[in-house]
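Input: a single structure, listed below in C-alpha cells.
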Amino acid sequence: MLMEEIMDNPLYLYDLEYKNVIGVDEAGRGPLAGPVVAAAVILKEYTEELDEINDSKKLTEKKREKLYDIIMKNFDVAVGISTVEEIDKLNILNADFLAMRRALKDLKSLKNEKEYTVLVDGNLKIKEYIGKQLPIVKGDAKSLSIAAASIIAKVTRDRLMKDLANIYPDYSFEKHKGYGTKTHIEAIKDKGAIEGVHRKVFLRKILETEEEKTK
C-alpha cells in the first residue's frame, strides 16, 4: 500500500493521529429482544481492502458480511456480550459498558492497557476501564477502527438473532433483529414475551406506549 493511497482514506488518517489504537463499538442498544454485543479491534495490517469499511448502519447486510471476513483477516478482534438478564438488571448503558470491557479483556494483542488509546463510539467513556480512552461522537464515520468494530458487533449480533429465529420462528427475529417493529410488537401481544430473550424493562415501556395509543 502506497502512502499516497493511504492518504486518500480519512478514516485511517484519523487513527494515525494516535499511537496503538483500539476501536470499540456496540450493536443492540435499542432492540426489545436479544443481547447487546460489543467489539474491540486492533489493526494488524492496513490493506486496500479496508477502504470499503464504513459505518455499519450505512451498509447492506450482504456488504457487512463480506467486510466481516476482511476485518477478521486484518484486525485482532474480540467480542463481548451482555445478556438480556444483565440488561434488565444493570440497565442498558451499564450492560453496554460491561460488553465493551469483556471485548477489551479478550483482545489477545492487548497486553498493557496503558500502551493503547481506546477510541470508543459515542460521547461517554467506558466505565471501570483503566486504560486511556477517547469518546468520539459518530466515531464509526470518522475512525477506521471504530467502523471495523461497528461491523463486527453488528454482524455478530445479527447472526445471534438469526439463531433465535430458528428456535422461535413465530417472532421473525431474522427480519427485525429484535427491534420494535409493528410485526414484532404484534407477535409479543399475540404470543407473549420470551423469557431470557425479551428485555422486560424495554417491553414495559413499549407496551405502555402502545396501550396509551388505544385509549
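A Cβ is built for glycine as well, from the same backbone N, Cα and C atoms used for every other residue.
Note that this is a predicted model, so its numbers are computed, not measured.
Feature list (source: Swiss-Prot):
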- Asp25, Glu26, Asp121: divalent metal cation binding site (BINDING)
- 19-214: domain 'RNase H type-2' (DOMAIN)
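Mapped onto this structure are the features recorded in Swiss-Prot.
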residue: Asp25; record: divalent metal cation binding site; Cβ neighbours (10 Å): 31
residue: Glu26; record: divalent metal cation binding site; Cβ neighbours (10 Å): 26
residue: Asp121; record: divalent metal cation binding site; Cβ neighbours (10 Å): 26
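In sequence order, Val24, Ala27, Ala38, Ala39, Met100, Val120, Gly122, Gly139, Asp140, Ile146, Ala149, Ser150, Ala153 are the residues of the same chain, not among Asp25, Glu26, Asp121, whose CB sits within 8 A of the CB centroid for the divalent metal cation site. Here the domain 'RNase H type-2' (19-214) returns a mean pLDDT of 93 for the predicted model.
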